[in-house]
Amino acid sequence: MSFFEDLEPWFYVTRFRDQLNGFSRTMLASMATASCTDRAANECRDDEAALRLKMVAMVAILVAGITGVAIPLVGRKRRFLRTDGSLFVFAKAFAAGVILATGFVHMLHDAQSALTDPCLPESPWRRFPFSGFVAMTAALGTLVVDFVGTQFYERKHREEAMGVKSAAAAAAAAAAAAAAEEGITVISIAPEPEAAAADNVKSPMHIVGMHAHAAAHRHSHPHEHGACDGPARREGGPGHAHEDEGEVSSHVRHVVVSQILELGIVSHSVIIGLSLGVSQSPCTIRPLIAALSFHQFFEGFALGGCISQAQFRNLSAALMACFFAITTPTGIGVGAGAASFYNANSPRALVVEGILDSISAGILIYMALVDLIAADFLSRRMSCNLRLQVASYMALFLGAGSMSALAIWA
């Protein structure tokens, strides 16, 4: 017993030392959190100047968003801004480059910065690349939604077409019965093979990918087929009905693309608006005004083009355009109201911001590569027009480069 009694003081000393070390680590962590919070809050802080700049930002971004989304919608009936015109394809390529750079250079980088911030505990946030994993998951989720949405709308179109055919067949049978009662001979003329095939609606897509989108896109421009077309593509040939089927499939694709693209844009616009609204630093807000106005204009142009190609009703198109335009200014207003008590460097705020930025990055990267770039650049129309190819590639790289360069200031 004396041996264990001799070790008892050492046991208490060891336990006290462990508790002291744990307390020291807690204090150091809390001091690190406090220091990063205080540094971010006090750097170039001017509440009055920041509030004035926020008002300017709300107006400038709202005007830029409305202008960008309205140009394709208002100009779709104008010859030089029609969605099947070369100028529209050129501008859409530039906007696609802007969206791609937004996802890769801005949103993914901001997500990585937020989720690896020193204010967050090292485990698990700095031991696993959560930003890339969440972005990848969001991109795969967008693929699933894209595929399911396309099947749903194609099934809906097919059922509507079958209903119209059934009604027409019933009306024809009723007319034939009435004519037979009156002793009138009815001669039925069998439709041409291509006309009969045109009545059918294309079956649901089995592959959603780059070539599927390119095929849908080139079906949407049947009147532009020229020297690149084969004999089967001539009017009256077997390909004529296939073009009509492609027009239905292309319309479905544009409906799905416009809705998913708006979801991705709106999700990151909320984060951008809140981040600018809670900032009390004019040094941070001032460069963001120009950068976000540029970004909002071309994102709006791309979204407006997709809405125009989807041929929504005027009310639906206006609602989608307005919802896009007011999202970022609304986020700025909410952030400005919450700036007095909201701590952008708190662990919870950093995690939420990082995850939402990652989701937005995944959606935007998928939409830019698959539904905007591949759909146009792999189309028959692009492959048959060398001048349009060169101009579109230049616009794509210029848009991506311009938006990437803005990361120097914002």
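Just so it is clear, glycine is given a Cβ too, placed from its N, Cα and C backbone atoms.
For the ranges 128-148, 170-190, the feature annotated in TrEMBL as transmembrane segment maps to 128-148. Ranked by the number of CB pairs under 8 Å to the transmembrane segment (128-148), the listed stretches 55-75, 87-108, 317-339, 359-378, 390-409 are led by 359-378.
Looking at which of 55-75, 87-108, 317-339, 390-409 has the most CB pairs under 8 Å to the transmembrane segment (359-378), the answer is the stretch 87-108. It is 87-108 that, among the stretches 55-75, 87-108, 317-339, forms the most Cβ pairs under 8 Å with the transmembrane segment (390-409).
Residues 72, 80-81, 131-132, 135, 265, 268, 294-295, 298-299, 301-302, 305, 357-358, 360-365, 367-369, 372-373, 376-377, 382, 388, 391-393, 395-404, 406-407 of the same chain, all 6+ positions outside the transmembrane segment (87-108), place their C-beta atoms under 8 angstroms from a C-beta of that stretch.
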